[in-house]
Amino acid sequence: MSDEANPFESLQEQIDDAAAYLDVDDDIIHRLKYPERVLETNLSVDLDDGSIERFKAFRSEFNGDRGPYKGGIRYHPGVSRDEVKALSGWMVYKCAVVDIPYGGGKGGIVVDPAEYSAAELERLTRSFAEELRPFIGEDNDIPAPDVNTGQREMNWIKDTYETLENTTEPGVVTGKSIDAGGSAGRVEATGRSTMLTAREAFDYLDKDIEGASVAVQGYGNAGWIATKLIDELGANIVAVSDSSGAVHDPDGLDPVAVKEFKRETGSVSGYEGVEELSNEELLTMDVDLLVPAALENAIDGDLAADVQADVIVEAANGPLTPDADDVLTEKDVHVFPDILANAGGVTVSYFEWVQNRQRFYWSEERVNEELEVIITDAFDNLTDAYEAFDVPNFRTAAYVVAIQRVVDAFTDNGNWP
Ligand SMILES: NC(=O)C1=CN([C@@H]2O[C@H](COP(=O)(O)OP(=O)(O)OC[C@H]3O[C@@H](n4cnc5c(N)ncnc54)[C@H](OP(=O)(O)O)[C@@H]3O)[C@@H](O)[C@H]2O)C=CC1
Ligand SMILES: O=C(O)CCC(=O)C(=O)O
């Protein structure tokens, strides 16, 4: 993994690349490249041994022209102010590309959750929720899960907020457990949109997904569900990985069995009867489809030169640096971008928020059907723009669509000519 590219600068470069195809005032584009505000705070948390530890935490509210700020909260030692700013910006354009009524936000705590007990993580999360309280709310800023957070953390944030505000407001966060007001299908939604994007991409490119060889980097929420659903399309999952390394079987892995092994042992490495590879080897395998589903900067310009996949569908946010994009475009590798491929998560978060506000809950079947409509419509808009604007790749096409929608909301609101 390259630590050279600054994700915030990558975001700004992606915006500039697309803005070149749009007739939009430079001052407006400038405004779309910076967050409206960033909260930076230090949380002091009682540990189980009686000591106190301090944790740095952030929440970036990037742009609210299309609706409340929306986006996940990440727990990871690599969280930084610039990473959170980038992730919040990607949320703006993701929500715009699937045309749901949100702006973008993102938060994070600099912490390795594996080093703390559940009780310590609960105190940490509740402490962050107290700091977030003046900013969040179902019409203001709505957190959700991201790397190393899930239903448990969202339930704690909701409970802290509701207690402090003396209210019932389940829509203040999404990605909650079902009994706490979550939506059917939210846990699977990110992987599901990755699968739908892969399916539509292969169809658009006139390739067969059935029998296609697939490698997936990252076997958490997004990666594992994407793997399972792509396998169900009849593809051949030849390699998967997590932070421990990769496992490879040219005859095809059973995603459910690998997941069960990881649940029992903590990692995919050690899964019996397969070849062990590094993550770098997985990313450069000769496969029909590569799905990066871990963190930013997984593929930089140097590694991109060795990439052999025909198609890349990004489940992770920002897995390719702009240099990698240039190399892959040159090599005619088709990259279907994060802001479409992983947008299922925020789309079903939107459904959860709608259900929370109406106090009326949908079946999983309805959630999945409505998600499929949104992702396939967005895919069609993206490929239409790719052809109409004659842009070099699908990422630029996605930003052309998304930026225009944000600009329209900004100017329609009566701002600037
Ligand atoms: N959850 C969601 O709803 C959404 C997530 N995303 C994005 O998807 C990506 C993954 O998030 P999510 O699945 O939720 O997070 P999880 O925490 O559930 O999983 C992350 C996975 O990435 C693996 N990983 C971490 N570092 C590396 C590395 N260096 N090499 C290989 N694998 C690595 C982890 O390994 P290990 O298991 O060993 O820790 C884990 O398997 C992120 O970019 C996130 O922003 C995007 C949209 C929505
Ligand atoms: O569900 C959400 O609101 C946001 C999920 C997220 O953080 C993302 O799409 O990157």
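For all residues, glycine too, the Cβ spot is worked out from N, Cα and C.
Since we're looking at a predicted model, the values are computed, not measured.
Per TrEMBL, substrate is bound by LYS70, SER349; the candidate from LYS33, LYS94, LYS331 named for the same site is LYS94. Residues LYS70, LYS94, SER349 make up the record's substrate site, and a Cβ search at 8 Å around their centroid adds GLY71, MET91, CYS95, ILE100, TYR102, GLY104, ILE142, ALA144, ALA343, GLY345, VAL346, THR347, TYR350 from the same chain. Within the set of binding-site residues LYS70, THR190, ASN221, LYS70 have a CB atom less than 6 Å from some atom of ligand 2. Across LYS70, LYS94, SER349, which the record gives as binding substrate, the greatest C-alpha separation is 13 Å. When Cβ atoms from all protein chains are considered, those within 10 Å of SER349 (substrate binding site) total 31, not counting its own.
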